[in-house]
Amino acid sequence: YFHSSFGGSYMKSSITQIERRFDIPSSLVGVIDGSFEIGNLLVIAFVSYFGAKLHRPRLIGIGCLIMAAGAFLTALPHVLQGQYVYETTLSHILEDNTTESILPCLANTSHLVINDQATAASKAACEKEAGSSMWIYVFLGNMLRGIGETPVMPLGVSYLDDYARKENTAIYLACLQTVGILGPVFGFMFGSFCAKIYVDIGSVDLDSISINHKDSRWVGAWWLGFLVSGFLMLLAGIPFWFLPNTLAKQGKSPSKKKQKEDRQAKSSSDTPEEEEEQEQGGFLPEDNTEEDAPKPVTMAAMAKDFAPSLKRLFSNKVYLLIILTSVVAFNGFIGMITFKPKFMEQVYGQSPSKAIFLIGSMNLPAVAVGVIVGGFVMKRFKLSVLGAARLSIFSSFFSFCLLLIQYFLQCDNSEVAGLTMTYQGVTEVSYQQDSLLSQCNMGCSCSLKHWDPVCTSNGITYASPCLAGCQTSTGIGKEMEFHNCTCMQELKGEQMAPPTNMSAILGQCPRKSDCDRMFKFYMAVSVLGSFVSACGGTSGYIVLLRSIHPDLKSLALGMHTLIGRTLGGFPPPIYFGALIDRTCLKWGLKRCGGQGACRLYDSHAFRITFLGLVYCLYGLVNLLWGVLYLQLSKRQKKLELRSQAKATALEASGNNNPNGHAMVSIFKNKDDLDLDSESTI
């Protein structure tokens, strides 16, 4: 579980690096990220149903091998693909053997025209050399990881729940989920580390690289984490091959004689232990349920029973409501966690590596603590199913309120001349490339397609040295500096005296100081929200476990995962990414021409789009929790009436039969029959 979550979280942390490496839009990155759910979709129904009747630990071991193969396949494009070539205007205008070497503001277009013609003539060969379709390997590798991860949750959790005390299940699940959260903590931390390492480390001279890890064109060593997760998964699968298929029930004697005596005692009366288990939300068996040892079954018999089992499962209204609530919650969570690093980067000006590091070091530990606290509350107060539902509703509503606060924690757009403000200093967002031109650079024949930002001494970013009107430059690599940037005078000409220092350096300008303060408030609210939301995670899972018949447990968990992953895991990265792409102000240029990855977003539009989607989804989650609680209350009332009727019948039978050996027959009305057919809580 740790290594599986490590690999999954590392994939999330590498989304931005993969997007930049293969020059693809966010919507396509969403498809790649969703391929994990496609792999789950292909096999989870069969694994959950047939796996429950086969050797569950060994199936999990097989899954570990498949996940390792998927991780190695994901990293394969780095070996097959050529070196990464980032877009820059400097390659068009480089002149050797001079101290003041480059003339960014070209007097003619000869260099650019020749380059464009060469690209058009050899576009097919260039795309083949650049490996423009190598992202397909990442897609297939992630799908393999999804197939391999399938047995872990439904078979592992049902195996745990089958052989543990009912009152201990909550704390065991909390510990399991906490260990699973430690995986994402290390996954995001390692992702942050790899994001600072250049993608072609060891094969290029780093001194010749003119960008750093804060640049939107930088690509980190995204492939390194997949190699590490693949080796870890191979090690994790070894112990499962040595686990038995069944274990002795925790706290119960394995003696057959003792088990027979227990069954006879339970058939004659309700024991205090049974009453305590029901009080804690244990499943109430149907009247015809027998606890004899399972008989060997054939594969044909299991296949024949599959459709009736599905019918029984989906006739449970509570289970259907849980599925619907989970699907909407998954949509909100997956969409938010996938693009949260990009949100922090574009809205608050943080580097991708720092955003990933903060998520791994602050948000995820808060989630781990929240899961433990939720499990402890469940065990300490011995909450019933209704109590667990109330805890989930509270945590969901309170965390939603904290999400609403984030809307007011905003920063101004990055000051980029021609995109978020005019060259005269007026704030104005423009999606048109022509707005990059002004009187100060009109005669420079600048490329409007390239993104090679420079930061001038007055804190304004220009899309390239040429568009800043810079005349000369000194230095090489990251130390390059540009001088006599004429557009600086035009920008500030109406507001103050012309600046004395008209120079610029490579890279985008940092945000204003008040944005750093606002980001600290955002992180505090975000961490608190993560903790509160996680407090209801264990209780929500307990509601799921106690709403299904024991013999349908693996199938129910598998279908819950299947539907959740299919409708809640696969679509969100796609439609979140597609809507986020609409807020892009400046698209990058592919190596062989054409639109690449987005370099700059309108942070206001990005924030409204991202948070608006999250608010809609989590608002619907709270509404569905309310409907689910009403349904649970209704079922609980029916259960109490049924228990009272049974007690009355037992008392009447005892009075009529002094010897105490009465045959009890309880009349069932339509509601009772419905109650049984819906696998009553």
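Heads up, the Cβ atoms here are built off N, Cα and C, so glycines get one too.
Worth saying up front: this structure is predicted, and the values here are computed from it rather than measured.
Marked as domain 'Major facilitator superfamily (MFS) profile' by TrEMBL: 1-637. Annotation source TrEMBL lists domain 'Kazal-like' at 434-489. Sequence annotations record features per position, and here TrEMBL assigns region 'Disordered' to 250-290. Feature annotation from TrEMBL assigns transmembrane segment to 28-52, 59-80, 170-199, 220-242, 318-339, 355-377, 389-409, 521-544, 610-632.
Within the model, the domain 'Kazal-like' (434-489) carries an average pLDDT of 83. Here the transmembrane segment (521-544) sits apart from the transmembrane segment (59-80); fewer than 3 CB pairs are under 8 Å, leaving out pairs fewer than 6 apart in sequence.
If one looks beyond the transmembrane segment (28-52) by at least 6 residues along the same chain, the residues whose Cβ comes under 8 Å of a Cβ in the stretch are 8, 11-12, 15, 18-19, 59, 70, 135, 138-140, 142-151, 154-155, 158, 299, 302, 306, 309, 338, 553-555, 557-559, 561-562, 565-566, 569-578. If one looks beyond the transmembrane segment (318-339) by at least 6 residues along the same chain, the residues whose Cβ comes under 8 Å of a Cβ in the stretch are 12, 15, 26, 30, 33, 543-544, 547-548, 556, 559-560, 563-565, 567-569, 571-573, 575-577, 580, 610, 613-614, 617-618, 620-621, 624-625, 627-628, 631-632, 635, 678-679, 681. Using a Cβ-Cβ cut-off under 8 Å and counting only residues 6 or more beyond its ends in the same chain, the transmembrane segment (355-377) has close neighbours at 9, 13, 170-171, 173-175, 177-178, 181-182, 184-189, 191-192, 195, 340-342, 344-345, 383, 391, 395, 523, 526-528, 530-539.
Tertiary neighbourhood of the transmembrane segment (59-80): same-chain residues 3-4, 7, 11, 22, 39, 47, 51, 131, 134-135, 137-138, 140-152, 155-156, 199, 222-224, 226-227, 229-231, 233-234, 236-238, 240-241, selected by CB-CB distance under 8 Å and a gap of 6+ residues from either end.
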